[in-house]
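In what follows, a structure is listed as structure tokens, so that the remarks can point back to it.
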Amino acid sequence: MASRSVHAATSLEVPAPCRGGQDVPGGAGTLVLASSIVVLFLASANAPSPLYQTYESAWHASALIGTIAFATYAVAVIGGLLWLDRLSERFGRRAVLLTSIGGQVIALAMFTLAGSFVPIFIGRALQGLASGVAFGTLSALMIESDKERGPIASAASPGTGSGIGALLSGFLIQYAPGPTHTIYLVLASILLAQGVLVLRLLPDTGRQPIAVLSLKPRVAVPPHARAAFIRCAPVVFVVWGLSGFYAALSPALLRALVPGASGWQSALPLFTLLGTATVMTVALRHVGGRAVTIVGLLMTLAGLGVTVAALALSSVGLYLAAGVIAGMGYGPGFQGPIRLVTAGSSDRDRPALMAAVFVVAYLGLGAAAIVPGALTSVGIPLTRVAAGLAIVLAVLSAAALVTVVRATGKVESDAD
């Protein structure tokens with residue numbers, strides 16, 4: 001989800017009905033606040049990544065530890081989405097968002113004070129749960145507050161946050177005092193400010209009793225959205241797998257291609273991919289959802305092809321160009337499915353539906369980051385692992401493209 005050009009609202013509009021009979025404010029104020037929280041959540045999630053090598057050296061840990069930390073976060077996000085997504089019905093959206101922000105701040109404090117990987121693992125689990133609890137609610141808030149621009153913000157904000165977090169962390173590692181502390185303190189301060197805005201801008205929404213059994217794991221896709229979800233889920237899996245590829249492997253790949261690369265330089269490929277994705281998401285906002293999805297898959301295929309060529313030729317320039325092309329796939333490849341899947345969904349169904357989309361997204365992200373870490377830990381060269389993963393993602397992209405192109409019917413029509 002990205003920062004888009006929206007006019008800041010000086011006051012909230014008349015509340016619109018939403019899930020469970022709750023009321024949420026509409027307009028640009030809510031849209032900007034919700035998207036900014038997602039940006040900060042993802043920035044916080046990606047901030048530790050450039051520091052894992054520092055941690056491994058300082059604490060004499062295996063290179064696999066960073067992969068385990070990432071896996072902890074991804075599994076916790078999925079757990080939060082599956083088990084805890086409905087907490088906003090029981091306790092209200094404002095209470096859930098404040099609790100999630102508090103969880104993120106506590107996790108950042110644990111990272112700041114960490115003297116071993118144990119607090120890192122606990123903090124990553126807490127980050128993941130906080131994100132999983134909040135993502136469905138935040139996406140629903142964006143879409144409900146602005147039916148046209150909300151889906152665009154929902155698609156662009158995760159990439160924007162991930163890119164900002166990685167690049168900012170890389171810069172602060174190199175240039176700021178206390179490189180293992182500063183990034184976390186900066187992010188925690190902004191999150192606390194966002195908590196104040198949640199208190200001021202979001203009403204204390206209605207609460208409903210929920211039976212214990214209703215908190216069992218679930219992926220709620222309403223009947224009218226199932227056909228679109230089945231066709232779009234592979235697309236979401238692939239493009240988030242592409243993001244996971246760059247998040248997990250690019251820092252090490254760039255250091256292999258450019259020995260002595262700095263922290264911010266190591267984060268540049270991921271930032272390039274996600275920055276391009278944001279631009280494409282905004283540029284294609286008026287194009288039909290199915291067409292946007294097809295564009296995303298075509299550019300994903302092209303980006304993966306150039307990535308394999310860059311690795312074969314050991315070309316830094318070609319690798320950065322591959323990131324730009326792949327970003328042109330990631331943005332539309334997530335925006336299009338969101339628009340197709342949520343078209344015609346009620347405000348009541350939308351949070352659980354978006355939670356289902358994010359479950360698929362984090363499965364793709366986690367698989368693309370965790371599997372390579374496991375393979376490199378047993379001695380397989382990094383470049384071979386990266387090239388193999390790129391080829392696998394390309395095959396999955398081609399299969400998803402065939403499915404989307406063949407899709408017919410009302411659900412797959414170009415719904416904006």
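In case you wondered, yes, glycine gets a Cβ from its N, Cα and C as well.
Listed features, source TrEMBL:
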TRANSMEM  28-47  transmembrane segment
TRANSMEM  59-84  transmembrane segment
TRANSMEM  96-118  transmembrane segment
TRANSMEM  124-143  transmembrane segment
TRANSMEM  155-176  transmembrane segment
TRANSMEM  182-202  transmembrane segment
TRANSMEM  228-247  transmembrane segment
TRANSMEM  267-284  transmembrane segment
TRANSMEM  291-312  transmembrane segment
TRANSMEM  318-340  transmembrane segment
TRANSMEM  352-373  transmembrane segment
TRANSMEM  385-405  transmembrane segment
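Only pairs six or more apart in sequence are counted, and the transmembrane segment (59-84) with the transmembrane segment (124-143) gives three or more Cβ pairs under 8 Å, enough to call it a contact. Relative to the transmembrane segment (385-405), the listed stretch 291-312 leads the set 155-176, 182-202, 228-247, 291-312, 318-340 in CB pairs under 8 A. The transmembrane segment (28-47) shares more Cβ pairs under 8 Å with 155-176 than with any other stretch in the list 155-176, 182-202, 228-247.
Residues 2-5, 46, 49-50, 152, 155-156, 159-160, 162-164, 166-167, 169-170, 242-243, 246-247, 250-251, 253-254, 292, 295, 299, 319-320, 323-324, 326-328, 330-332, 334-335 of the same chain lie 6 or more positions beyond the ends of the transmembrane segment (267-284) yet place their CB under 8 Å from a CB of it. Contact between the transmembrane segment (228-247) and the transmembrane segment (291-312) holds: at least three of their C-beta pairs are under 8 Å, each pair 6 or more apart in sequence.
Counting Cβ pairs under 8 Å to the transmembrane segment (182-202), the top-ranked stretch among 96-118, 124-143, 291-312, 352-373 is 96-118. Non-local neighbours of the transmembrane segment (124-143) in the same chain are 1, 18-19, 24, 30-31, 34-35, 37-38, 41-42, 44-45, 48, 69-70, 72-82, 84-85, 87-88, 93, 96-97, 99-104, 106-107, 110, 150-151, 153-154, 157, 342, 347, 350-352, 354-355, 357-358; each lies 6+ residues outside the stretch with a CB under 8 Å from one of its CB atoms.
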